[in-house]
Number of protein chains: 2
Amino acid sequence: MEALGRHILVELYNCDNEKINDVAYIESSMLAATRASGATIISHNFHKFSPHGVSGVVVIAESHVSIHSWPEYNYAAIDIFTCGDTIDPMIIRDTLKKDFQAETISSREIKRGMIKPKAGKKLLHKPQQQILEK
Amino acid sequence: MEALGRHILVELYNCDNEKINDVAYIESSMLAATRASGATIISHNFHKFSPHGVSGVVVIAESHVSIHSWPEYNYAAIDIFTCGDTIDPMIIRDTLKKDFQAETISSREIKRGMIKPKAGKKLLHKPQQQILEK
């Protein structure tokens, strides 16, 4: 059995609450971190809530990167779901931890899609594909 | 300690491969399931890949719902990340399992954002907030 995807669930605690409430800063940081990992960005959406909190998702050819922040608790939840082995999700995790000045991090990795490839075949991942429609 | 969010990671195996390759069907199914759960939809993006596969994310006021499908393996990965207790993520999971005709399902729940509320205070979730910017 092989996994189609790697999913890194990251809890960032004791973040700088102004940084994780700044939608422009978060968007810029998430896009730069995602590009640095080698991922191909397809679309992105970021939203600011009132009185505080930001949600954002970057859809990548290799799956997605998301954030939900609770500045009132100095906390942000990050998900980095990737497939294929051409990109390094840990670059995204470590960049965001630094950008949001998180003092405490909890990170776990979950394998997604356990598939048994046919004899002599390799598991295929989306990075080898083309984007057909947006 | 209390959790800010519930994250349901769902693996749908042995799905109907035409259904999980049909971006319009997936979008319609995901939006209907999300509405049925009681969630508030903020934005949504769905993409079809060539030769096959769909990625999509629905950002909700209560976090997000996402899908990545590999029709060639009859497999779809679903994430349902919610906060607050006004919506039922299991409605989304069960609706998508049925719509994609998954024969096998694996589902696990992970608590996100373990916070200690201040004495006498309740943990606040995003559903009580307003959307400020899109």
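Every residue gets a Cβ built from N, Cα and C, even glycine.
The following features are taken from TrEMBL:
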MOD_RES   B:SER63  pyruvic acid (Ser)
ACT_SITE  B:SER63  active site, schiff-base intermediate with substrate
ACT_SITE  B:HIS68  active site, proton acceptor
ACT_SITE  B:CYS83  active site, proton donor
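Annotated features, which come from TrEMBL, shown on the structure.
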residue: B:SER63; record: pyruvic acid (Ser); DSSP (3 states): strand
residue: B:HIS68; record: active site, proton acceptor; DSSP (3 states): strand
residue: B:CYS83; record: active site, proton donor; DSSP (3 states): strand
* Structure fact -> Rounded Cα distance in angstrom between B:SER63 (pyruvic acid (Ser)) and B:CYS83 (active site, proton donor) is 7
* **Position of peak Cβ density within 10 Å, selected from the recorded positions B:SER63, B:HIS68** => B:SER63
* State the Cα to Cα distance, in Å, between B:HIS68 (active site, proton acceptor) and the residue listed as 'active site, proton donor', rounded to an integer. => 22
* Once the chains shown are all counted, how many other Cβ atoms turn up within 10 Å of the Cβ of the residue listed as 'active site, proton donor'? -> 26
